[in-house]
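As written in Swiss-Prot, here are the features:
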type     : residues         : note
ACT_SITE : D73              : active site
ACT_SITE : E136             : active site, proton acceptor
BINDING  : H71, D104, E166  : Zn(2+) 1 binding site
BINDING  : D104, E137, H351 : Zn(2+) 2 binding site
Amino acid sequence: MAIDPVILSQELISFPSITPTDNGAIDFLSNTLSQYGFTCNVLTFGNDEVQVCNLYAQLGNGHPNLCFAGHTDVVPTGDLEKWKFDPFSGHIEDNILYGRGAVDMKSAICAFIAAVSRIDFNQVNGAISLMISGDEEGNHFKYGTPAILKWLTDNNKKIDYCLVGEPTSKSSVGDTIKIGRRGSINFKIVCNGVQGHVAYPHLAQNPINDMINILHKINNTVLDEGNEYFQPSNCEITSVDVGNTANNVIPGTVTAHLNIRYNNIHTSESLFNIINNICAETTQKYQIFTSLSGDPFINYPDKYSDMLSAAIKKTTGETAVISTSGGTSDARFIKDFCPVIELGLKNDTAHKINENTSVDDINKLANIYEEFIKQFFNISQ
């Protein structure tokens, strides 16, 4: 019996799985998939501080193994008073489904499950699997998808191609496919001076002057012009702080934070060299700290991305745009294990108050996924 993706979405949204808390969402999916013949492995990883509940479910044992990747955790709701409806009620009003996770990305998970439920698995020469993380949105993501991938390797399980259900669409479902993502690196720059009284500047050294010059140079540096698949890299100054509340004190230290979203023209090392050289040209009294969120990657268009584009065209009439724009996703981990592509709902209300998606869009996404599965396994229509 085929699953209704909208009803399943309502049920999954009802679990308040604010990252990294699960609150039963993974068990619900495991129980649902078990009824359709999936072998389900509920996988919990973590430390003394947090335990993240994940799921790997597989139907069949052959190859190729087509895997759908997603996450059940959601961002916090924000001010509940500003929501039209309870964010975990899965309420539908005027054909619109409201709820935290409706877009990012519980409904996409349900659309894929519904698509699989419509398939005659006797015609599948291979396997279909789902890899569902319990922490993609939060700070404990290493216990989500990366830990599942390690478990797969340790247990000699292999996925051959992965479809990630992140909300990639812009104006209409299926208008944008992600074949890669930009990298993201954070910089913390500290300039040191000598604290003192503003009336005696000759006895102090104001580090703000050096920082202003550094940030001005960074802001006027063109990192690159982009290429065929990536937009130009860009740097954003996200904060400047001296921790000084007194008007008559020259601060001794100033700190700035930057984030660079970068394409495959650069590496984290090349960007560090650019920032470091700018600092060194200005002052010797500085420190740089970095944290890498993910390197850029691309899976160049292939027969499977062509299949997904064809599935979109057949079911919606839409000609999909191939893109690498947007933020990071768990695809940055999966790309080291197999080719990966991303397609999901429209992203215009993701993480917002009154996050919502239309019922029609959920059904449309399920239809696209179903057609893609059929083309992937060459299933007769």
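Going from the start of the chain as shown, residues are counted 1 onward.
Cβ coordinates are placed from backbone N, Cα and C, and glycine is handled just like the others.
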Report summary line: The recorded positions listed are E136, E137, H351; by CA-CA distance, the one closest to H71 (Zn(2+) 1 binding site) is E136
Query raised in the report: Ranking the recorded positions D73, D104, E136, E137, E166 by other Cβ atoms within 10 Å, which is at the bottom?
Result: E137
Report summary line: Across all protein chains shown, the one of the binding-site residues H71, H351 with the most other Cβ atoms within 10 Å of its Cβ is H71
Query raised in the report: Going by DSSP, is E166 (Zn(2+) 1 binding site) part of a helix, a strand, or coil?
Result: coil
Query raised in the report: Just checking: which of D73, E166, H351 have a Cα that is within 10 Å of the Cα of E136 (active site, proton acceptor), counting only these recorded positions?
Result: D73
Query - Cβ-based neighbourhood (8 Å from the centroid) of the Zn(2+) 2 site, residues D104, E137, H351 excluded - result: V74, V75, G101, V103, M105, A350
Report task. Filter the binding-site residues D104, E137, H351 down to those whose C-alpha lies within 10 angstroms of the C-alpha of D73 (active site); answer none if the list is empty. Result -> D104, E137
Query raised in the report: What three-state secondary structure does DSSP assign to H351 (Zn(2+) 2 binding site)?
Result: coil
**Report entry** Between D104 (Zn(2+) 1 binding site) and H351 (Zn(2+) 2 binding site), the C-alpha gap once rounded to whole angstrom
**Finding:** 7
Query raised in the report: Taking the centroid of the Cβ atoms of H71, D104, E166 (Zn(2+) 1 site), which other same-chain residues have Cβ within 8 Å of it?
Result: G70, M105, A108, E136, E137, V164, G165, P167, S329, G344, A350
Query raised in the report: What's the CA-CA gap between E166 (Zn(2+) 1 binding site) and E137 (Zn(2+) 2 binding site) in angstrom, rounded?
Result: 12
